[in-house]
Each structure stands twice: as structure tokens, then as C-alpha cells.
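Note sheet for the following structure.
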Amino acid sequence: MQRLAMDLRMLSRELSLYLEHQVRVGFFGSGVGLSLILGFSVAYAFYYLSSIAKKPQLVTGGESFSRFLQDHCPVVTETYYPTVWCWEGRGQTLLRPFITSKPPVQYRNELIKTADGGQISLDWFDNDNSTCYMDASTRPTILLLPGLTGTSKESYILHMIHLSEELGYRCVVFNNRGVAGENLLTPRTYCCANTEDLETVIHHVHSLYPSAPFLAAGVSMGGMLLLNYLGKIGSKTPLMAAATFSVGWNTFACSESLEKPLNWLLFNYYLTTCLQSSVNKHRHMFVKQVDMDHVMKAKSIREFDKRFTSVMFGYQTIDDYYTDASPSPRLKSVGIPVLCLNSVDDVFSPSHAIPIETAKQNPNVALVLTSYGGHIGFLEGIWPRQSTYMDRVFKQFVQAMVEHGHELS
């Protein structure tokens, strides 16, 4: 990202020349306006380069994983230059869904049955045109887990698939029950504490391609689900490695942060309505278990979880559910290489709840902590339409594990 610093310096020089020209033609009428603008520009550039653009903090449980990442995933040690005009966490979080492009992806849908009679929708990108891995049986496979109400249509998922396509890999997106347009066959949705559906999907995908390198990447709640699975199963998983992005490590801390007035207004209430809309489509399936009218009156994610999610999955209290849903305590039991990217200004995942000390005790875990980036933001460049810092971390890490993962054995 040294190029961005050079671009900023070049932009500053061009701005100076432009403003000097405007003074000559009388646009400002005097040199006072020019001096003010130049002074502000220089001060802002200095502040940005000295206080905003920083290298991420890399926390690992051992020298081996740290050296591996420095050698094969150097992006985690490079300076991250957030978008110069939108670097604050909330701004990045709000902007990303609207400004990032959506690369076209043609999916092949598959519905698989579950033990309780339900069904799960998987969206496959087979990448049969791969020239790097022409044999489908050994083509690396990446399982992607979207966020809370996300599907295979999310821009961050599409970008991961686009980058995987460049590497010659195959992708499959795990859509949680009832969110991708498929019928809900049983009165059950999903939560990040219950890993049964994920276990079903992992077993199914691995059975189709047992000889292919198999990795997973989870975003936000998808990352929480993935970490909870890995913490429960340890090394007894067909996955060779995993990556998570913008995970909420402690559900209590996440909820408390999102219930602050500004965060509630910007994020919490909207996501609550999304959750309500998702379950209301299948209202007839839940009327015997929960008071749907009461659920639809929830004003926060915590209220929704108390009235719906915790009840659906048999928890006695919301505190019991949130304790079980938090991946932080299970991090010590993760048995495969996992890279976790978080921003310390993410209001969905407060920095004080990031399990730094726990990560230091597990040689399989690496935390990459940026100073800015928000929640699934990580925008960079002057006009951040294309890939983000998160995308670059994803691409370098999965490629490193596929091509050099044996070095960690």
C-alpha cells in the first residue's frame, strides 16, 4: 500500500498546482483561501499518515505460525491505508454495502436434507474452467459462511468467490436455514451456538471431494459459528484451515455495544427488523413454540434473541444462550490453523472483548487487528469499489494454506 501514500503525495502536489492556478484566474480573489486550503490539506495528510495508516497488530500463539504468515501472507504485516475520506469504523461499516461492487457469479444450487427433516441451501461455484486445478476431485474447496442475515448474494461473499476463481478454487456458500428463499420444512432456523447444520454441510462437502484441500471462511456471525464448531471438534475436522472476519468474540459485549444509542440507531434496530422479516416469512412454522406477535415487537437484537432464538434452541435464559454463543472461551481448543481479522473500532465486536491472551496460548491461532476498518468494512483506496483489505487477507491466506500449509505440519 505504499502506492497509496505516493498517490496522496501526488494528489497534494496536483491540488497545490490547481489552487495556485485558481488564484491566478481570480477564483479565490486572494491568497488567503489558498493558504487555508493548503494548510488544511497538509495537516490532514500528516494526521492521516501518522495516526490513521498503521500496520495491524499480529498476535499468534507461536513463532511457527507467525513466520509462516510473514513469509506467505505478508499483507498481515503491511500498513493498512483506510479510505482517506472514510476511515472511521461506523462510516466504513455503513458505506461498504453501498459502494463495493458485486462481481457476477453463476451459482449451482443444491438442497441437502438434515437429520430433523429440514433442508439447507448450498450455492456452489464449481469453477470448472479452472486451468490451475483441472481435476475437479482435487480442486481446492472453500466453504463460505455469510453473516447474521446474509446469503450468497452479499458483496463480500461475491468478492471472495471472485478471488477464489482467480486462484482456480471451488467455492460453496452455506446459506442458513430459511434466509435464501428456500422453504423452511421444520420449525427451526439457526444460531451461532448450534453447529449441527454446519457439521452436516462440512461432512457433505468433504464426502463429495475427499481428496480436495478443504478450507472455510466465516464472516461476522458466520465466523462465530465456524469458531464454535472448531472449538468443539478440535483437530477432528476435514478442514485444513479457516479464516474469520469481524467476529463478535463475546456476545454480551457485542450486545452492550450495539445498544448504545447511536449504534442502536445506525445498526441494531435495522438488523432486528431484518431478523423479524426473515422469521415472519415462515410465521406459520413457529406459532406453536413462540409468541410471534411478541417477537415482532422486539426493538433490539437482544430482545429478538430473548423472545425467539433462545426459545427455539431450548435455552432457559438469554444469558445461557449468549454464554454458549460466544466463541472466545473455545478458542483455546481450536486444532487447525485459523486466522482471525478484526478491527479494534468495530462496534459489533468491542476491542476489550478480543481474546488476545487466549490467542497467545494456542499455536494454531493468529489474530490480525487493524486500528480501523469497522465491521466487514476494511475499505481502502480513494474510491473503494473493488477489493478491500479483508479480501486481500482472505486471498493470501487461503493461497498460503493450499500451497504451503504442509510447512505447519
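Each Cβ is built from the backbone N, Cα and C atoms, and glycine gets one as well.
Copied over from Swiss-Prot, here are the features:
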type	residues	note
ACT_SITE	S220	active site, charge relay system
ACT_SITE	D346	active site, charge relay system
ACT_SITE	H375	active site, charge relay system
DOMAIN	140-233	domain 'AB hydrolase-1'
TRANSMEM	26-46	transmembrane segment
Handout entry: DSSP residue counts for the domain 'AB hydrolase-1' (140-233), split into helix, strand and coil
Key = 39 helix, 17 strand, 38 coil
Handout entry: Spatial separation of H375 (active site, charge relay system) from S220 (active site, charge relay system) - C-alpha basis, Å
Key = 8
Practice task
Inside 10 Å of the Cβ of D346 (active site, charge relay system), count up the other Cβ atoms and send me the figure.
Solution key: 28
Fill in the blank from the handout: Other C-beta atoms within 10 angstroms of the C-beta of S220 (active site, charge relay system) total 26
Exercise for the section: Based on DSSP, name the secondary structure state of D346 (active site, charge relay system): helix, strand or coil. Expected result: coil
Exercise for the section: Determine, to the nearest whole angstrom, how far the Cα atom of D346 (active site, charge relay system) is from the Cα atom of H375 (active site, charge relay system). Expected result: 5
Exercise for the section: Give the sequence-ordered list of residues that share a chain with H375 (active site, charge relay system), lie 6 or more positions from it, and have CB atoms under 8 Å from its CB. Expected result: G89, Q92, T93, S220, S246, S343, D346, V347, F348, S349
